[in-house]
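Student: Just passing along the structure, written as structure tokens.
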Amino acid sequence: MDTELWTIKDVGAYLDENDFKQYRKLFCEENKIDGRVFLSLTENDLKQAPLQILPFGDLRRLCFLIENLREEKRNRDQKTSDSPFKQTYSTFNNYIQSEQSSTRSGLSSPSGGISITDSDDDSFQIRKKLKLDRRKFALSVLYIFCSHFFSGFAVTYAQEHLPDKKKYPPLPDIILDNLPFIPWAYRVTEGAIFFLIIIGLIMLFFHKYRFLVIQRIMIIAATIYLLRSFCVMSTAIPMPQKEYNCNRIEVKDGWERLSRVVRFYAAIGLKSNGIKTCGDYVFSGHTVIMTLLVLSINEYTPRSMICLHTLNWIVGIFGVFFILLGHGHYTLDILLAFFISSKLFSYHHTIAINMSLISRDTHRMKKCFPVLYYFEQDTDGHIPNEYEWPLPKVKKVESFYSDVKFSFGSYFSSKSKQDV
């Protein structure tokens, strides 16, 4: 429903939903404020009689809330440019801009929380200044470490319950049945993974918001691998090829199982690091890694780098093809891994970018996407691709060196004078 068409009751319900119940009587019963009037309120209106919002924090939060509604309305009007309300809203928005011209500086947050800037279409746009929450970053690191450890346990469990190769031959696979088996193919796949990791590390090194990017990627990867662990443990599938020498393992006790999990954990699950696993099928872990690396690099590098983005996709597809040549996974494993990884990546970013617009349905967000909501609720969603040199600049180093040299020179000169 259009915000301008809200009734007085709708305004009251909106205040209740956003923890402003104490002002419902003031806005709705005493001053009869409907949607159109609510959108037109300025900071001076909220300060002065008859509203007189006295707590400074409530005043600012109400200002930001009203700006959110204006932003939502502006986005809707951009999508429906042929609407008969377009011209009316343009006039209304110009009125709001003229009213706030004297108080725009007061709506910006001196603490670095939110700043309001003018966009190209002369309408207000809210931009939250991105700031890393160290507690959430630490929790995201703990989340991915726990997820990876549980993944190692799931792989060990799957190999303990691996179906007998003599009783359960490989399942029919149209593509694998027509591709030759190449024993060294997994080395090419993991070489492609290391190449993408290097590109990703270079991107993170120069990205201004590198830790926010790392946090978001860790959350997505941890969620996918947690799902993969449950799938691997719940379904035992025969090996996709007979030539691979891998049999069911017998674990004597919990300590031996734990030692295998730790070895898998330390080697990051890669065969080039000396890990030999089988039974961890259902969907391919190598495909998950390559898909997330390709999507992350392409997302957090400029769109103008078409050559780099194309190269990433070529390397990723090349690595996936060699998984098939090594008969390490069924074709279905790879398709499922790519579909789940790409969709979860796109869903996470889409919801996170639009988190600031989802203000009426936070309960559903908490229920359906608890992890995403917890980590993204206080962010602006969109992480701009801005870059910087993270190390001290050369001039600063030279200045520091000259200052230190001058200090030592002054010290020794004064010392020599005293001795004389």
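Yeah, the Cβs are placed from backbone N, Cα and C, and that goes for glycine too.
Copied straight from TrEMBL:
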type	residues	note
DOMAIN	6-72	domain 'SAM'
TRANSMEM	137-158	transmembrane segment
TRANSMEM	184-206	transmembrane segment
TRANSMEM	218-237	transmembrane segment
TRANSMEM	281-298	transmembrane segment
TRANSMEM	310-328	transmembrane segment
TRANSMEM	334-357	transmembrane segment
Student: Other than its close neighbours in sequence, what residues sit by the transmembrane segment (310-328), given a CB gap under 8 Å and a spacing of at least six beyond its ends?
Tutor: 175-176, 179-186, 188-189, 191-193, 195-196, 199, 240-241, 243-244, 284, 286-287, 290-291, 293-294, 297-298, 334, 338
Student: Residue list, the transmembrane segment (281-298) vs rest of chain: Cβ under 8 Å, 6 or more residues beyond ends.
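Tutor: Same-chain contacts beyond the flanks: 151, 158, 186, 189-190, 192-193, 196-197, 199-200, 203, 213, 217, 220-221, 224-225, 228, 231-232, 235, 237, 240, 269, 308-309, 312-313, 315-316, 319-320, 323, 328-330, 333-334, 336-338, 340-342, 345-346.
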Student: Same-chain Cβ contacts of the transmembrane segment (218-237) under 8 Å, 6 or more residues past its ends?
Tutor: 140-141, 143-144, 146-148, 150-151, 153-155, 157-158, 161-163, 171, 279-283, 285, 288, 292, 330, 340-341, 344-345, 348, 371-372, 375
Student: Restricting attention to the domain 'SAM' (6-72), give the mean pLDDT.
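Tutor: It averages 83.
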